[in-house]
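Annotated features in TrEMBL:
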- 1-29: signal peptide (SIGNAL)
- 29-91: region 'Disordered' (REGION)
- 81-91: compositional bias 'Basic and acidic residues' (COMPBIAS)
- 97-394: domain 'Peptidase M14' (DOMAIN)
- E358: active site, proton donor/acceptor (ACT_SITE)
Amino acid sequence: MAVSRSVRRGLAALAVLVTLPALTTPVSAQEWSDPGASGGGAHRESGQLARSGATPAATRLATSDENRQAGDQTGYPRQTRLREFPENPDDKAIKLGLTPYHDIAPQLNELQERSDRVSAEVVGRSTQGRDLYLVTLTAPESPAEAARQARWRELIEDDPSAAAGNERLAREYKAPVWINANIHGDEWEGTDGALDVIERLATSTDEADSDLLESTRIYLTVTNNPDGRVAGTRANAAGFDVNRDHISSTQPESRAVRDVLIETQPLVMIDEHGYTGTTLIEPGTPPHGRDYEYDLYIKHAYENALGMERAIGKLGHDETERADIPFRDFEPGEWDDWPPIFTPMYSIYHGAVGHTVEVPLRVNRGEYEQLPVEELRRRSDINRDVAGATITSAIDYAESNRAELIDDQIETFRRGWAGEPQREIPDGYVPGFGEEDRYSAEFPRAYVIPAGDDQRSASAAARLVDHLVAHDVRVSRAEHTFHLDGQRYPKGSYVVDMHQPKRGLANAMLSAGQDISGDVPRMYDISGWSLGLLWGATVDVSADEAPAVRTSPVAAAGPTGSLPPPAKADLELALTDGADVQAVTYLLDRGVEVTRGDDGTLVVPASARSEAATAADRFGVTFTKAGRGPAGTALAAPVIAAAASADELAVLRGLGFEVRPVSTAVLNEGFEFDDVSALLVSTGLDHDALTAEAKRRLQAFLDDGGGVITRGGGGAAFNEAAGLLPVTAVEGRGDANGVVSVTDGEGGVLDRAPAHSFVYSPVWFTGLADSVTAEQRYARDPLVAGHWLPGEAAGGPAEAAGEASVVSGVSAGGTRTVLFGTEPMFRDHPKGLYAQVADAVFWATS
Ligand SMILES: [Zn+2]
């Protein structure tokens, strides 16, 4: 974490509660090519979600990496000779006296030769193709012993009641602990602290360490973001913050550790970061993630944090005498654990007691450039000590509290299967626990993702199902038609039965979320998200009733994509989802003439049926028989000059658009608009700062029929400075964000837009001249989930209610222009909103 909350892009109904007694005593205490990362493949079979509540053991599939193919048929050590990368003298770790990336594999290879306690393997590749390492520390295990551990791990999740009664499991199940390091590339020392711990435990002759490795398995992903480590950047090489990506899984780095987490099912995990001045150790402040079994988390998290604080206190540095524990030391909203976009917060849903740890002394950014090398190295040495001490302390906590941690992970999953309500946590349950800490969810009985005509987009439904399965949420498929809450669902509809072990994660992903504006004055990061409302699929909620239908578990969504008979008919494609956009750009790339009607309808001629069949298969989209409407206008493949953030560029490219990144500087350096057909302005383009020559080129582009799409306050400022649409843009508070309800406006540009959108720093448009049309408006009570308060000079949701959120118009000079006040591409999350962007591009360039 550790980023000013005001800088968002610059870095790239109460449940029925059961009362628990208060705990009277604390719990004892050069580039490599990416072979192509796949997005959502199924990683394991789901358990049968029978209505009887039976829970047959699930069959786990190994993660994608070859090294893990052997899976649990192999004992320990399971050593892999890691490929070594060329020495890179520019690696930013070198200046700090820390381990450059190219030295990690040689060190791990050497340790594997020296010690049968060390197993290293590759669990994924970074954006630029660097290997992501997983090191496992454990005493040697025979294949039979390792297989038994795997069966127990599965039993805990799949049949927790049986696990709770298994005495041999209680005695012999090895406590899994997971350490993730360096997810932020320019927060280096977690890696070095992890390597220190690996070397110490690999070579220790201390009997206590031998005993530890008999009762504990320690997993360390030593650098989660090697591209950022080498380059000295917080983000990965694609410009994404990996530690904001865990609910959306857009990046190979987050997908790799997600799979490690699911495969290892740790009892305790820590995510090593920096730099907060004082060492910071979670648990966090309210608001707390409402879908957790928070009682089972906080009692361990608080004690573990105190242990880590004591451990750094013993290091003897003045700078490490104490820690900041946000739960204990900060005000509500200062360092919350609300969104599961962070590794530890996401891990809690998989049964781990998760912590962010921030090592104290800043060595990145300005300090990296300006401080003397000796001072940087002095700081990095201390940070490295802190990382090592917190890792060691967390491992010790897991060992010392092994039985209770196992029981509590079992209990987490048992409550899920049983559909029991969360527990009410009394004041003082841990020191300081009070009313402000109480967040809870009422879990619905099931979510249903319909098939057939009841589904908004079949491809979106399949994408959502694959995503849920990849995150270890159990999904099943109806074998017959069924009725639920008065609605008929066809055979093949997907069911998420909420009586399942990871119901908390299922709910965190699928529910609408909650408006927490009144709970805290501010938030650390986002406050609203929803795959149920923003990913383009229809997701129905059944509060009390489970579907009465035979279902089968889903390992991967069924295929989608179809063409209608007869072969001679022209084909129509509704632009409902990003997959539809991908199909269109694919067809345009192949020279197929696609026409667009005034109502946004896209038609592909019958002569291109074979190409359309390929598109239907590849993108899962549905073509229908074209109606007999008037002939539309031929679409040209758009070329977009985009002044936008990394996530927006990634979305535009993912849709198949040709994108040329621009900025004030790029335009001033003589950017040629040539074949550019649209200019998208979100950030980094200040019209007033353009040279006269750059303005002349821009004007020539507009005079030549170029279209303009803008997003947010930066885009609206460009619109005004360029003299395009006569509107007044009103900005809400800069940190306001969440899921909003929207209504259709009076325009025809946004075809079939869903009823929800996403905002961050919301903008709305007033004073619309006759030449400007509202395409979409904020609903009367717009904020569904998130945090949006009025600021001193900025309006809240009440002020935005009913106002235009997206407008279109043709400027006096003839430029087709669309202005978004919403955030349809934020962090590549709201996938159901991408068709709106394409609608705007196609209209503006036609
Ligand atoms: Zn960080």
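Cβ atoms here come from the backbone N, Cα and C positions, even for glycine.
Note that the coordinates shown come from a computational prediction; the quantities given were computed from them, not determined experimentally.
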Same-chain residues at least 6 beyond the ends of the compositional bias 'Basic and acidic residues' (81-91) whose Cβ lies under 8 Å from its Cβ atoms: 30, 100-102, 105-106, 108-109, 112, 120, 122, 130-131, 133, 229-230
Counts of helix, strand and coil residues, the compositional bias 'Basic and acidic residues' (81-91), according to DSSP: 0 helix, 0 strand, 11 coil
Mean predicted confidence [pLDDT] for the domain 'Peptidase M14' (97-394): 98
CB contacts for E358 (active site, proton donor/acceptor) [other CB atoms within 10 A, all chains]: 26
